[in-house]
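*Asks:* Input: one structure, supplied below.
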Amino acid sequence: MTKHAGRAVWLLALGQFLTYAGVYYSFASLLPDLLSATGWSKGQLAAGPTLAFLVAALVTPLTGRLVDRGFATRLLVGLPLVAGLALIGLSVAGNPMIWLALWGVIGVTQAGMMYETCFAHLTRHTGAEARAAITRVTLVAGLAGTLSFPLGHWLGSALGGQYALVVFGALMIFGAAPVNLLGLRSLQAVSVAAPSRVGEGGGRLGRAMRKPAFWVIAALFGLVMLNHSLILTFVLILMGGKGASPATAALAAACIGPAQVVGRIILMMNEARMTNGRATIIALVMVALAALVLNSAGGWVGLIFVFAVMQGAGVGILSILRPVLVVEYLGRRGFGAISGAIAVAPTLAQALGPSLGAWLIAWGGETAALVAATAMAFVGVVLGLLLASWRVRGDDGLADDGR
(Lines of atoms letter the chains of each structure in order from A; the text may use other names.)
(Lines give C-alpha, C1' and ligand atoms only; values in the text may rest on other atoms or scores of the structure.)
Protein backbone atom coordinates (compact mmCIF):
# COMPACT_ATOMS: atom_id res chain seq x y z
CA MET A 1 0.00 0.00 0.00
CA THR A 2 1.42 3.40 -1.03
CA LYS A 3 2.03 6.20 1.44
CA HIS A 4 -0.90 8.26 0.13
CA ALA A 5 -3.24 5.27 0.13
CA GLY A 6 -2.17 4.42 3.66
CA ARG A 7 -2.86 7.98 4.81
CA ALA A 8 -6.34 7.84 3.26
CA VAL A 9 -7.12 4.52 4.94
CA TRP A 10 -5.99 5.73 8.37
CA LEU A 11 -8.11 8.88 8.01
CA LEU A 12 -11.15 6.79 7.12
CA ALA A 13 -10.32 4.56 10.09
CA LEU A 14 -10.39 7.62 12.35
CA GLY A 15 -13.68 8.68 10.76
CA GLN A 16 -15.22 5.29 11.53
CA PHE A 17 -13.82 5.44 15.06
CA LEU A 18 -15.59 8.75 15.65
CA THR A 19 -18.76 7.52 13.94
CA TYR A 20 -19.03 4.40 16.07
CA ALA A 21 -18.16 6.35 19.21
CA GLY A 22 -20.80 8.97 18.43
CA VAL A 23 -23.70 6.82 17.24
CA TYR A 24 -23.14 3.14 18.01
CA TYR A 25 -21.84 3.27 21.59
CA SER A 26 -23.27 6.54 22.88
CA PHE A 27 -26.61 5.03 23.90
CA ALA A 28 -25.08 2.19 25.93
CA SER A 29 -22.57 4.53 27.55
CA LEU A 30 -25.33 6.90 28.68
CA LEU A 31 -28.13 4.42 29.46
CA PRO A 32 -28.06 4.74 33.29
CA ASP A 33 -28.07 8.54 33.01
CA LEU A 34 -30.79 8.48 30.34
CA LEU A 35 -33.00 6.42 32.65
CA SER A 36 -32.57 9.05 35.36
CA ALA A 37 -32.97 12.02 33.03
CA THR A 38 -36.09 10.87 31.18
CA GLY A 39 -37.93 8.70 33.69
CA TRP A 40 -38.77 6.32 30.84
CA SER A 41 -38.41 2.55 31.03
CA LYS A 42 -35.46 0.62 29.63
CA GLY A 43 -37.78 -0.80 27.00
CA GLN A 44 -38.90 2.64 25.83
CA LEU A 45 -35.33 3.87 25.59
CA ALA A 46 -34.01 0.70 23.94
CA ALA A 47 -36.79 0.80 21.34
CA GLY A 48 -34.92 3.69 19.72
CA PRO A 49 -31.68 1.89 18.83
CA THR A 50 -33.69 -1.23 17.91
CA LEU A 51 -35.73 0.80 15.44
CA ALA A 52 -32.52 2.30 14.06
CA PHE A 53 -31.15 -1.17 13.28
CA LEU A 54 -34.41 -2.18 11.58
CA VAL A 55 -34.44 0.97 9.45
CA ALA A 56 -30.76 0.48 8.59
CA ALA A 57 -31.48 -3.08 7.44
CA LEU A 58 -34.16 -1.79 5.06
CA VAL A 59 -32.09 1.09 3.69
CA THR A 60 -28.64 -0.55 3.39
CA PRO A 61 -29.32 -2.17 -0.03
CA LEU A 62 -30.17 1.29 -1.40
CA THR A 63 -27.05 2.93 0.02
CA GLY A 64 -24.99 0.08 -1.41
CA ARG A 65 -26.26 0.93 -4.89
CA LEU A 66 -25.46 4.58 -4.28
CA VAL A 67 -21.86 3.60 -3.49
CA ASP A 68 -21.68 1.76 -6.82
CA ARG A 69 -22.84 4.93 -8.55
CA GLY A 70 -20.11 7.03 -6.95
CA PHE A 71 -22.02 8.67 -4.09
CA ALA A 72 -19.86 7.32 -1.24
CA THR A 73 -18.33 10.72 -0.51
CA ARG A 74 -21.73 12.35 -0.12
CA LEU A 75 -22.89 9.52 2.13
CA LEU A 76 -19.80 9.40 4.36
CA VAL A 77 -19.66 13.18 4.73
CA GLY A 78 -23.31 14.20 4.64
CA LEU A 79 -24.87 11.50 6.80
CA PRO A 80 -22.64 12.11 9.86
CA LEU A 81 -23.92 15.70 9.77
CA VAL A 82 -27.52 14.46 9.78
CA ALA A 83 -26.76 11.95 12.53
CA GLY A 84 -25.15 14.67 14.63
CA LEU A 85 -28.23 16.86 14.32
CA ALA A 86 -30.47 13.91 15.24
CA LEU A 87 -28.37 13.21 18.34
CA ILE A 88 -28.71 16.85 19.36
CA GLY A 89 -32.45 16.51 18.78
CA LEU A 90 -32.53 13.52 21.14
CA SER A 91 -31.21 15.80 23.87
CA VAL A 92 -34.50 17.69 23.90
CA ALA A 93 -36.89 14.85 22.99
CA GLY A 94 -39.78 15.31 25.40
CA ASN A 95 -41.62 12.03 24.84
CA PRO A 96 -40.91 8.49 23.58
CA MET A 97 -42.52 9.13 20.18
CA ILE A 98 -40.09 11.94 19.35
CA TRP A 99 -37.28 9.74 20.69
CA LEU A 100 -38.32 6.95 18.30
CA ALA A 101 -38.70 9.27 15.32
CA LEU A 102 -35.20 10.68 15.76
CA TRP A 103 -33.73 7.20 16.13
CA GLY A 104 -35.47 6.32 12.87
CA VAL A 105 -33.52 9.15 11.23
CA ILE A 106 -30.33 7.83 12.82
CA GLY A 107 -31.13 4.41 11.36
CA VAL A 108 -31.15 5.90 7.87
CA THR A 109 -27.74 7.47 8.50
CA GLN A 110 -26.35 4.21 9.91
CA ALA A 111 -27.17 2.53 6.62
CA GLY A 112 -24.85 4.84 4.72
CA MET A 113 -22.02 6.06 6.96
CA MET A 114 -20.70 3.02 8.80
CA TYR A 115 -18.70 -0.11 8.01
CA GLU A 116 -20.79 -1.25 5.04
CA THR A 117 -20.35 1.95 3.05
CA CYS A 118 -16.74 2.45 4.10
CA PHE A 119 -15.78 -1.13 3.23
CA ALA A 120 -17.63 -1.02 -0.09
CA HIS A 121 -15.79 2.17 -1.02
CA LEU A 122 -12.42 0.76 0.05
CA THR A 123 -13.04 -2.49 -1.83
CA ARG A 124 -13.86 -0.53 -4.95
CA HIS A 125 -10.86 1.80 -4.72
CA THR A 126 -8.05 -0.32 -3.26
CA GLY A 127 -8.43 -3.48 -5.34
CA ALA A 128 -6.31 -6.39 -4.15
CA GLU A 129 -5.29 -4.43 -1.04
CA ALA A 130 -8.88 -4.25 0.23
CA ARG A 131 -8.41 -6.79 3.03
CA ALA A 132 -5.39 -4.93 4.38
CA ALA A 133 -7.24 -1.60 4.17
CA ILE A 134 -10.35 -2.96 5.88
CA THR A 135 -8.22 -4.52 8.61
CA ARG A 136 -6.64 -1.15 9.38
CA VAL A 137 -10.04 0.53 9.59
CA THR A 138 -11.40 -2.07 12.00
CA LEU A 139 -8.26 -1.90 14.15
CA VAL A 140 -8.97 1.74 14.90
CA ALA A 141 -12.78 1.73 14.84
CA GLY A 142 -12.86 -1.34 17.07
CA LEU A 143 -11.55 0.82 19.91
CA ALA A 144 -14.44 3.30 19.71
CA GLY A 145 -15.95 1.99 22.92
CA THR A 146 -12.80 3.00 24.78
CA LEU A 147 -13.72 6.61 24.01
CA SER A 148 -17.50 6.39 24.36
CA PHE A 149 -17.83 4.69 27.73
CA PRO A 150 -15.46 6.92 29.74
CA LEU A 151 -16.72 10.02 27.90
CA GLY A 152 -20.34 8.99 28.40
CA HIS A 153 -19.78 8.32 32.10
CA TRP A 154 -18.19 11.73 32.60
CA LEU A 155 -20.67 13.65 30.45
CA GLY A 156 -23.67 11.88 31.97
CA SER A 157 -22.54 12.84 35.45
CA ALA A 158 -21.76 16.42 34.45
CA LEU A 159 -24.62 17.22 32.06
CA GLY A 160 -27.22 14.51 32.50
CA GLY A 161 -28.01 11.73 30.05
CA GLN A 162 -29.92 13.72 27.44
CA TYR A 163 -27.76 16.84 27.32
CA ALA A 164 -24.66 14.66 27.04
CA LEU A 165 -25.98 13.61 23.63
CA VAL A 166 -25.22 17.13 22.39
CA VAL A 167 -21.51 16.42 22.77
CA PHE A 168 -21.81 13.15 20.87
CA GLY A 169 -23.71 15.01 18.16
CA ALA A 170 -20.91 17.57 17.96
CA LEU A 171 -18.44 14.69 17.67
CA MET A 172 -20.23 13.60 14.50
CA ILE A 173 -20.55 17.07 12.98
CA PHE A 174 -17.11 18.47 13.77
CA GLY A 175 -15.17 15.19 13.93
CA ALA A 176 -16.45 12.33 11.77
CA ALA A 177 -17.68 14.38 8.79
CA PRO A 178 -14.53 16.46 8.13
CA VAL A 179 -12.16 13.55 8.82
CA ASN A 180 -14.08 11.39 6.35
CA LEU A 181 -13.87 14.16 3.76
CA LEU A 182 -10.08 14.36 4.09
CA GLY A 183 -9.74 10.59 3.83
CA LEU A 184 -12.01 10.31 0.80
CA ARG A 185 -10.14 13.05 -1.05
CA SER A 186 -6.82 11.33 -0.36
CA LEU A 187 -8.19 7.98 -1.51
CA GLN A 188 -9.58 9.43 -4.72
CA ALA A 189 -6.07 10.51 -5.73
CA VAL A 190 -4.77 6.91 -5.65
CA SER A 191 -7.95 5.05 -6.64
CA VAL A 192 -7.78 1.93 -8.81
CA ALA A 193 -11.55 1.90 -9.38
CA ALA A 194 -13.01 1.56 -12.84
CA PRO A 195 -15.63 4.14 -13.86
CA SER A 196 -19.12 3.38 -12.58
CA ARG A 197 -21.79 2.28 -15.01
CA VAL A 198 -25.33 3.34 -14.19
CA GLY A 199 -27.58 0.35 -13.57
CA GLU A 200 -24.71 -2.08 -13.19
CA GLY A 201 -25.29 -2.55 -9.45
CA GLY A 202 -28.88 -3.71 -9.86
CA GLY A 203 -28.01 -6.14 -12.64
CA ARG A 204 -25.08 -7.57 -10.75
CA LEU A 205 -27.22 -7.92 -7.63
CA GLY A 206 -29.85 -9.92 -9.48
CA ARG A 207 -27.17 -12.17 -10.89
CA ALA A 208 -25.53 -12.58 -7.48
CA MET A 209 -28.83 -13.49 -5.83
CA ARG A 210 -29.15 -16.43 -8.19
CA LYS A 211 -25.94 -17.89 -6.79
CA PRO A 212 -26.13 -20.14 -3.69
CA ALA A 213 -22.99 -18.41 -2.37
CA PHE A 214 -25.00 -15.19 -1.88
CA TRP A 215 -27.49 -16.86 0.44
CA VAL A 216 -24.84 -18.89 2.26
CA ILE A 217 -22.79 -15.77 3.03
CA ALA A 218 -25.91 -13.88 4.16
CA ALA A 219 -27.07 -16.74 6.40
CA LEU A 220 -23.59 -17.35 7.79
CA PHE A 221 -23.05 -13.76 8.91
CA GLY A 222 -26.66 -13.38 10.01
CA LEU A 223 -26.21 -16.31 12.40
CA VAL A 224 -22.87 -15.00 13.66
CA MET A 225 -24.31 -11.55 14.40
CA LEU A 226 -27.41 -13.06 16.02
CA ASN A 227 -25.10 -15.09 18.26
CA HIS A 228 -22.95 -12.05 19.07
CA SER A 229 -25.84 -9.64 19.61
CA LEU A 230 -27.60 -12.07 21.94
CA ILE A 231 -24.47 -12.82 23.95
CA LEU A 232 -23.21 -9.23 24.09
CA THR A 233 -26.55 -7.85 25.28
CA PHE A 234 -26.81 -10.31 28.16
CA VAL A 235 -23.14 -11.06 28.74
CA LEU A 236 -23.13 -9.84 32.35
CA ILE A 237 -26.23 -11.87 33.17
CA LEU A 238 -24.86 -14.97 31.42
CA MET A 239 -21.54 -14.71 33.24
CA GLY A 240 -23.28 -14.06 36.54
CA GLY A 241 -25.28 -17.23 36.00
CA LYS A 242 -21.99 -19.13 35.82
CA GLY A 243 -20.88 -17.87 39.21
CA ALA A 244 -18.91 -14.76 38.26
CA SER A 245 -19.15 -11.76 40.57
CA PRO A 246 -20.38 -8.49 39.01
CA ALA A 247 -16.84 -7.07 39.06
CA THR A 248 -15.33 -10.18 37.47
CA ALA A 249 -18.06 -10.34 34.84
CA ALA A 250 -17.54 -6.67 33.95
CA LEU A 251 -13.78 -7.20 33.67
CA ALA A 252 -14.21 -10.24 31.43
CA ALA A 253 -16.78 -8.49 29.25
CA ALA A 254 -14.36 -5.58 28.83
CA CYS A 255 -11.91 -8.04 27.25
CA ILE A 256 -14.19 -8.74 24.26
CA GLY A 257 -13.44 -5.43 22.50
CA PRO A 258 -9.64 -5.62 22.83
CA ALA A 259 -9.79 -9.28 21.76
CA GLN A 260 -11.46 -8.18 18.52
CA VAL A 261 -8.55 -5.85 17.85
CA VAL A 262 -6.00 -8.56 18.70
CA GLY A 263 -7.73 -10.98 16.33
CA ARG A 264 -7.56 -8.43 13.54
CA ILE A 265 -3.88 -7.75 14.21
CA ILE A 266 -3.11 -11.47 14.02
CA LEU A 267 -4.98 -11.68 10.72
CA MET A 268 -3.10 -8.64 9.39
CA MET A 269 0.25 -10.16 10.37
CA ASN A 270 -0.62 -13.38 8.54
CA GLU A 271 -2.50 -11.96 5.56
CA ALA A 272 0.10 -13.22 3.09
CA ARG A 273 0.09 -16.74 4.51
CA MET A 274 -3.57 -17.36 5.30
CA THR A 275 -6.33 -17.66 2.72
CA ASN A 276 -9.65 -16.00 3.36
CA GLY A 277 -11.42 -19.36 3.43
CA ARG A 278 -9.10 -20.77 6.07
CA ALA A 279 -9.33 -17.63 8.19
CA THR A 280 -13.13 -17.79 7.99
CA ILE A 281 -13.27 -21.38 9.25
CA ILE A 282 -10.86 -20.66 12.10
CA ALA A 283 -12.85 -17.61 13.21
CA LEU A 284 -16.18 -19.46 13.02
CA VAL A 285 -14.81 -22.32 15.10
CA MET A 286 -13.58 -19.81 17.69
CA VAL A 287 -17.06 -18.29 18.00
CA ALA A 288 -18.67 -21.73 18.28
CA LEU A 289 -16.21 -22.91 20.93
CA ALA A 290 -16.59 -19.63 22.83
CA ALA A 291 -20.26 -20.33 23.50
CA LEU A 292 -19.41 -23.87 24.61
CA VAL A 293 -16.72 -22.56 26.95
CA LEU A 294 -19.09 -20.05 28.55
CA ASN A 295 -21.72 -22.75 28.97
CA SER A 296 -19.11 -24.89 30.78
CA ALA A 297 -17.78 -22.11 32.99
CA GLY A 298 -19.75 -23.06 36.09
CA GLY A 299 -16.92 -25.20 37.44
CA TRP A 300 -14.19 -22.62 36.83
CA VAL A 301 -15.05 -18.94 36.60
CA GLY A 302 -11.72 -18.26 34.87
CA LEU A 303 -13.23 -19.81 31.74
CA ILE A 304 -15.28 -16.67 31.19
CA PHE A 305 -12.06 -14.88 30.24
CA VAL A 306 -11.28 -17.65 27.75
CA PHE A 307 -14.77 -17.17 26.34
CA ALA A 308 -14.30 -13.39 26.05
CA VAL A 309 -11.04 -13.73 24.14
CA MET A 310 -12.39 -16.38 21.74
CA GLN A 311 -15.68 -14.56 21.11
CA GLY A 312 -13.99 -11.22 20.56
CA ALA A 313 -11.20 -12.49 18.33
CA GLY A 314 -13.54 -14.64 16.23
CA VAL A 315 -16.08 -11.89 15.61
CA GLY A 316 -13.32 -9.35 15.04
CA ILE A 317 -11.78 -11.45 12.28
CA LEU A 318 -15.15 -12.20 10.67
CA SER A 319 -16.03 -8.51 10.47
CA ILE A 320 -13.06 -8.07 8.14
CA LEU A 321 -13.73 -11.16 6.07
CA ARG A 322 -17.35 -10.51 5.09
CA PRO A 323 -16.63 -7.92 2.37
CA VAL A 324 -13.62 -9.91 1.20
CA LEU A 325 -15.70 -13.08 0.80
CA VAL A 326 -18.34 -11.14 -1.12
CA VAL A 327 -15.67 -10.09 -3.61
CA GLU A 328 -14.21 -13.60 -3.88
CA TYR A 329 -17.49 -15.39 -4.47
CA LEU A 330 -19.73 -12.76 -6.04
CA GLY A 331 -17.35 -10.34 -7.73
CA ARG A 332 -16.14 -6.76 -7.42
CA ARG A 333 -18.57 -5.25 -9.93
CA GLY A 334 -21.72 -4.01 -8.28
CA PHE A 335 -20.09 -4.67 -4.92
CA GLY A 336 -21.97 -1.95 -3.05
CA ALA A 337 -25.40 -3.26 -4.05
CA ILE A 338 -24.46 -6.89 -3.39
CA SER A 339 -22.78 -6.19 -0.06
CA GLY A 340 -25.66 -3.97 1.02
CA ALA A 341 -28.18 -6.71 0.28
CA ILE A 342 -26.15 -9.28 2.19
CA ALA A 343 -25.86 -6.86 5.12
CA VAL A 344 -29.63 -7.01 5.68
CA ALA A 345 -29.31 -10.36 7.49
CA PRO A 346 -26.61 -9.37 10.03
CA THR A 347 -28.20 -5.95 10.58
CA LEU A 348 -31.58 -7.50 11.34
CA ALA A 349 -29.81 -9.98 13.60
CA GLN A 350 -28.34 -7.12 15.64
CA ALA A 351 -31.84 -5.71 16.08
CA LEU A 352 -33.46 -9.04 16.98
CA GLY A 353 -30.71 -10.48 19.19
CA PRO A 354 -31.69 -8.65 22.40
CA SER A 355 -35.38 -9.59 22.09
CA LEU A 356 -34.58 -13.22 21.28
CA GLY A 357 -32.16 -13.41 24.19
CA ALA A 358 -34.71 -11.95 26.61
CA TRP A 359 -37.33 -14.46 25.47
CA LEU A 360 -34.94 -17.42 25.74
CA ILE A 361 -33.81 -16.42 29.24
CA ALA A 362 -37.42 -15.97 30.36
CA TRP A 363 -38.34 -19.35 28.85
CA GLY A 364 -35.41 -21.54 29.83
CA GLY A 365 -32.94 -19.43 31.76
CA GLU A 366 -29.33 -18.60 30.84
CA THR A 367 -28.71 -22.17 29.70
CA ALA A 368 -31.38 -21.93 26.98
CA ALA A 369 -29.82 -18.73 25.65
CA LEU A 370 -26.34 -20.26 25.59
CA VAL A 371 -27.53 -23.46 23.91
CA ALA A 372 -29.24 -21.40 21.22
CA ALA A 373 -26.14 -19.23 20.72
CA THR A 374 -23.98 -22.34 20.46
CA ALA A 375 -26.32 -23.88 17.88
CA MET A 376 -26.23 -20.70 15.78
CA ALA A 377 -22.44 -20.71 15.80
CA PHE A 378 -22.10 -24.36 14.82
CA VAL A 379 -24.57 -23.96 11.95
CA GLY A 380 -22.35 -21.06 10.90
CA VAL A 381 -19.33 -23.40 10.90
CA VAL A 382 -21.20 -25.83 8.63
CA LEU A 383 -22.09 -23.01 6.24
CA GLY A 384 -18.48 -21.82 6.28
CA LEU A 385 -17.23 -25.29 5.37
CA LEU A 386 -19.78 -25.46 2.56
CA LEU A 387 -18.65 -22.09 1.24
CA ALA A 388 -14.98 -23.09 1.44
CA SER A 389 -15.70 -26.21 -0.61
CA TRP A 390 -16.75 -24.09 -3.57
CA ARG A 391 -14.11 -22.91 -6.02
CA VAL A 392 -13.76 -19.20 -6.79
CA ARG A 393 -13.45 -17.93 -10.35
CA GLY A 394 -11.71 -14.60 -10.83
CA ASP A 395 -13.21 -11.13 -10.69
CA ASP A 396 -16.71 -12.23 -11.58
CA GLY A 397 -16.64 -14.21 -8.37
CA LEU A 398 -18.67 -17.08 -9.73
CA ALA A 399 -18.28 -19.91 -7.28
CA ASP A 400 -18.21 -23.35 -8.80
CA ASP A 401 -20.99 -24.74 -6.63
CA GLY A 402 -21.95 -27.62 -8.82
CA ARG A 403 -24.56 -25.78 -10.85
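Positions of Cβ are set from backbone N, Cα and C atoms, glycine also.
Curation does not apply to TrEMBL; its annotations are automatic.
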*Asks:* Ranges 4-23, 44-63: which does TrEMBL label transmembrane segment?
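*Replies:* Spelled out, TrEMBL records transmembrane segment over residues 44-63, not the other listed ranges.
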*Asks:* Would you kindly check 100-122, 134-155, 213-241, 303-325, 368-388 and say which stretch has the most C-beta pairs under 8 angstroms to the transmembrane segment (247-267)?
*Replies:* 303-325
*Asks:* Give residue numbers and ranges for long-range contacts of the transmembrane segment (368-388): same chain, 6 or more residues beyond its ends, CB-CB under 8 A.
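*Replies:* The answer is 213, 216-217, 219-220, 223-224, 226-227, 230-231, 234, 238, 277-278, 280-281, 284-285, 287-288, 290-292, 294-295, 325, 329, 356-357, 360-361, 399.
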